[in-house]
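Chemist: If you look up Swiss-Prot, you'll see 1-29, 104-124 marked as region 'Disordered'. According to Swiss-Prot, the topological domain 'Cytoplasmic' annotation covers 1-132, 189-214, 381-398, 456-490, 537-544, 593-975, on the basis of sequence analysis. If you look up Swiss-Prot, you'll see 133-153, 168-188, 215-235, 274-294, 297-317, 360-380, 399-419, 435-455, 491-511, 516-536, 545-565, 572-592 marked as transmembrane segment, on the strength of sequence analysis. Under the heading topological domain 'Extracellular', Swiss-Prot lists 154-167, 236-273, 318-359, 420-434, 512-515, 566-571, citing sequence analysis as support. If you look up Swiss-Prot, you'll see N256 marked as N-linked glycosylation site, on the strength of sequence analysis.
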Amino acid sequence: MDSGDIEEAGGNGEEEFRSGPRLGGSKYRPVVAHDRAVVEMSSIDPGSSSSTLKNIKVVAPGDVGAGVRGPEDGVNGHQKESKLELFGFDSLVNILGLKSMTGEQIQAPSSPRDGEDISITQGHPKPPALKMGTMMGVFVPCLQNILGIIYYIRFTWIVGMAGIGQGLVLVFLCGLCTFLTTISLSAIATNGAMKGGGPYYLIGRALGPEVGISIGLCFFLGNAVAGALYVLGAVETFLKAFPAAGIFRETITKVNGTAVSESIQSPNSHDLQVYGIVVTILLCFIVFGGVKMINRVAPAFLVPVLLSIFCIFIGIFLAKTDDPDNGITGLRLKSFKDNWGSAYQMTNDAGIPDPTGGTYWSFNELVGLFFPAVTGIMAGSNRSASLKDTQKSIPVGTLAATLTTTSLYLISVLFFGAVATRDKLLTDRLLTATIAWPFPAIVHVGIILSTLGAALQSLTGAPRLLAAIANDDILPILNYFKVADTSEPHIATLFTAFICIGCVVIGNLDLITPTVTMFYLLCYSGVNLSCFLLDLLDAPSWRPRWKYHHWSLSFVGASLCIVIMFLISWSFTVVAIALASLIYKYVGLKGKAGDWGDGFKSAYFQLALRSLRSLGANQVHPKNWYPIPLVFCRPWGQLPENVPCHPKLADFANCMKKKGRGMSIFVSILDGDYYECAEEAKEACKQLATYIEYKRCEGVAEIVVAPNMTEGFRGIIQTMGLGNLKPNIVVMRYPEIWRRENLTEIPSTFVGIINDCITANKAVVIIKGLDEWPNEYQRQYGTIDLYWIVRDGGLMLLLSQLLLTKESFESCKIQLFCIAEEDSDAEALKADVKKFLYDLRMHAEVIVVTMKSWDIRSEGNSQEDSLEAFDAAQRRISDYLGEIKRQGSNPLLANGKPMVVNEQQVEKFLYTMLKLNSTILSYSRMAAVVLVSLPPPPLNHPAYFYMEYMDLLVENVPRMLIVRGYHRDVVTLFT
């Protein structure tokens with residue numbers, strides 16, 4: 001029996017149904033191919049309901065057209081997948097392990113039942129890349145990067161200059177900065193899966209791609225140049241320990257201006273360059289060997305370093321005290337007390353105390369000198385792509401390395417301050433080698449290997465950081481450095497080596513060194529700010545496994561980083577921030593759009609919610625009123641298929657904003673059933689949004705599917721917007737094509753939209769002559785004429801002022817025509833309107849037009865066009881009424897009410913529109929744009945009649961805005 005059939009098979013059918021699909025008698029069994037914690041539901045237990053399943057054939061959707069499957073395929077193939085099909089989603093078995101589970105917006109692969117084939121790798125699968133654990137992946141790299149040359153050759157000098165007390169403060173301050181940064185790093189790194197890139201990945205996902213790339217590239221540059229610093233330190237120590245190894249020797253006859261009895265052969269500066277290039281190339285070969293080679297070599301660099309530090313401490317305890325003139329006193333309380341205070345003074349270029357020297361050292365300068373000795377905490381996170389478990393290794397390994405080195409420094413301050421006199425601390429550059437047991441050479445080896453180990457870690461982490469930035473595909477210029485997930489970043493390594501060799505060739509890095517320190521501090525402040533923002537927002541997705549964090553700690557860490565930057569050098573701080581700002585701007589201009597769900601988006605969301613709540617449900621005060629137009633994109637007329645919105649509608653929407661401030665909502669309605677047109681609506685919405693962005697109009701796009709346009713607009717006008725951010729003005733095109741397209745549907749829809757706007761208390765702006773509306777480059781001259789007939793809350797006045805703020809209308813002047821009754825006092829009305837405009841801070845020429853009872857036909861030939869339109873409208877309305885009378889029935893309106901026609905009232909409406917149109921043509925035929933009040937549709941009049949009224953109003957006016965306000969003021973007299 002096929003696995004897809006359930007049939008009654010005599011007396012044994014039920015037994016076969018019971019026993020066939022059960023494997024091993026278990027109801028649930030593990031799915032070995034994916035996750036042992038995921039179980040697969042067994043076949044349906046027939047039980048008492050088995051009788052309802054008889055004689056039913058079940059065919060899986062994926063089997064249609066695929067031929068007949070064998071029994072094995074039914075059990076092991078698609079049957080497993082189809083048991084949860086009724087939920088409408090892929091089962092956990094199908095989605096576990098996809099990259100989309102990490103929060104990245106990646107398209108999931110199609111299911112085989114979509115008709116696509118599954119690609120099966122032939123032969124042996126590719127072995128997984130070697131992954132590192134906490135010790136070799138994080139702790140050792142961090143320790144190698146932190147323990148550098150400063151501890152060996154400058155730390156004793158720092159203790160002598162700052163004293164034990166301020167030395168402890170100095171170490172504690174710098175250690176606190178890195179400790180707080182490690183806490184923030186641990187929190188972010190344990191908040192989900194982490195790909196390559198280390199701090200760049202964390203900062204970018206928290207603060208956005210622009211901030212992430214700008215800080216990430218600065219951090220990459222800092223690592224690359226730091227590699228050169230470490231290489232030069234190793235080579236310089238080697239040449240001082242073995243002068244005979246110099247290739248380009250120079251003869252020294254004077255030392256500090258004093259002639260020596262015998263000339264001294266010393267290595268030349270070119271030796272630094274040659275040896276530095278050779279060492280850099282050798283280190284690059286190790287890096288090219290991959291993670292496996294680095295893991296083998298790293299202990300060889302670290303073990304001698306730890307051994308040399310151990311020998312230094314043995315030498316401290318075994319220091320000879322029989323020669324006090326040598327300056328080494330052994331561990332003595334007297335030395336401890338003498339060295340407790342600071343001794344800031346002038347020194348020469350070599351750091352030797354000299355009253356005539358050119359350098360004065362203070363606490364701030366010592367911070368800049370010592371801080372590179374605590375950097376390197378990002379060495380483990382830089383290789384996050386090579387770690388087995390980032391959420392475990394990064395916090396434990398980084399924190400252990402930070403605490404270990406900080407404790408070492410604090411203990412060293414106490415011991416160095418108690419083992420020698422201050423003069424010895426300030427004059428012996430290699431005091432650590434002098435006191436080391438059993439001989440100084442072991443410290444020389446430690447210095448060389450520590451700097452080489454730090455250089456190796458820099459040349460390992462920097463290329464991976466650059467490759468991670470390139471793989472995010474934000475900056476096209478970095479595409480050359482892209483690598484596959486399991487590949488080594490060879491091109492990025494070559495580029496890093498090129499930068500490193502260039503700095504080695506320069507040789508003198510005194511000006512670059514502070515900038516490198518700034519890049520490290522800039523990265524640390526970015527990590528702290530990221531954790532601060534995520535902690536403060538506390539989004540539902542913020543669930544780090546590392547629980548020992550708080551937004552206040554991150555804030556203190558970020559503040560401390562910035563303070564230390566300015567303590568070291570405010571000028572180099574400005575340079576580092578300026579470089580990061582330039583990269584930020586470049587990414588914003590040239591980079592591709594990327595949405596990583598960063599913290600800024602969450603902050604904007606929460607700020608928007610808080611602002612929306614603070615607005616409340618009360619009406620907005622006129623001083624704070626902004627137009628929020630609801631732009632009706634395609635209500636009538638046909639546009640090209642690739643143009644989702646009339647181009648001039650976007651131009652007009654921009655005219656309603658002062659200096660771009662405001663928001664427009666562009667909506668369009670698709671006729672049809674939502675279930676059938678949902679995908680079409682999504683594509684149309686994307687197309688409309690893209691077009692709005694192309695027109696540089698700030699707004700949002702919405703597509704609504706409805707049975708017809710009237711129902712769709714009614715739903716939009718009721719539900720669009722939130723709180724006080726609902727649209728307050730409906731903007732649409734005047735249907736000039738209604739007479740030749742549809743004599744019934746367009747008028748009915750047009751009148752229905754206006755009535756819905758009045759009911760919803762929305763303002764209305766109808767644009768006649770939209771095709772001739774000027775764009776931002778078409779400058780207009782003349783006047784903007786307002787025909788103020790009814791009180792509209794000042795909306796028409798406000799629109800005219802907004803038009804003047806645009807380049808296309810800034811050369812125009814405003815004329816305000818007040819339409820008065822025949823018995824009104826024109827002069828008094830004019831004076832009142834001028835006073836009103838003055839109080840509103842608006843400039844306009846006021847003209848009062850009195851609508852007298854005059855016969856329009858006595859005005860001569862100037863209004864022949866209006867008269868012809870009037871006569872034509874009369875004839876069409878008479879024919880319409882005659883047709884109704886001949887039918888002998890009482891027709892109903894669109895709202896179901898009976899149509900009641902008063903022919904005298906119809907004549908009055910037509911005559912009023914005729915007089916208003918003739919007045920507009922008399923005064924405003926050459927106006928840039930005319931604004932006139934919108935008359936509401938008369939009750940119980942057919943929509944056809946209203947369209948005749950409106951056609952008569954706009955006759956021969958090339959460009960007109962028909963405006964209706966709502967029952968509230970949008971302008972105010974008061975400040």
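Each position is counted from 1, following the chain as shown.
Including glycine, each Cβ sits where the backbone N, Cα and C put it.
Given the structure is predicted, the values throughout are model-derived calculations rather than measurements.
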Chemist: Would you kindly check 215-235, 297-317, 545-565, 572-592 and say which stretch has the most C-beta pairs under 8 angstroms to the transmembrane segment (133-153)?
Modeler: 297-317
Chemist: Look at every Cβ pair spanning the transmembrane segment (516-536) and the transmembrane segment (572-592), keep those 6 or more apart in sequence, and say whether at least 3 of them are under 8 Å.
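Modeler: Per Cβ check, the transmembrane segment (516-536) touches the transmembrane segment (572-592).
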Chemist: Are there 3 or more C-beta pairs under 8 Å linking the transmembrane segment (435-455) with the transmembrane segment (297-317), counting only pairs at least 6 apart in sequence?
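Modeler: In contact, yes.
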Chemist: Please check if the transmembrane segment (215-235) comes into contact with the transmembrane segment (435-455), where contact means 3 or more CB pairs closer than 8 Å and the residues in each pair are separated by 6 or more positions.
Modeler: yes
Chemist: Below 8 Å between Cβ atoms, which of the listed ranges 274-294, 399-419, 545-565, 572-592 makes the most pairs with the transmembrane segment (491-511)?
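Modeler: Between the stretches 274-294, 399-419, 545-565, 572-592, 274-294 has the largest tally.
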Chemist: Can you work out the mean pLDDT of the predicted model over the topological domain 'Extracellular' (154-167)?
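Modeler: Taking every residue in the topological domain 'Extracellular' (154-167) and averaging pLDDT yields 93.
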Chemist: Same chain only, please: residues at least 6 beyond the ends of the topological domain 'Extracellular' (420-434) with a C-beta under 8 Å from a C-beta of the stretch. Say none if there are none.
Modeler: 151-157, 159-161, 312, 326-329, 335, 338-339, 343, 350-353, 440-441, 443-444
Chemist: At a C-beta cut-off of under 8 Å, are there same-chain residues at least 6 beyond the topological domain 'Extracellular' (318-359) that contact it? List them, or none.
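Modeler: Counting only partners 6 or more residues beyond its ends, the topological domain 'Extracellular' (318-359) has Cβ contacts under 8 Å with 157, 159-166, 414-415, 417-429, 434-435, 437.
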Chemist: What residues elsewhere in the chain lie close to the topological domain 'Cytoplasmic' (537-544), defined as a C-beta under 8 angstroms and at least 6 residues from its ends?
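Modeler: Contacts of the topological domain 'Cytoplasmic' (537-544) (Cβ under 8 Å, skipping residues fewer than 6 from its ends): 103, 186-188, 190-192, 597, 599, 602-603, 606.
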Chemist: Under the DSSP assignment, what numbers of helix, strand and coil residues are found in the topological domain 'Cytoplasmic' (189-214)?
Modeler: 16 helix, 0 strand, 10 coil
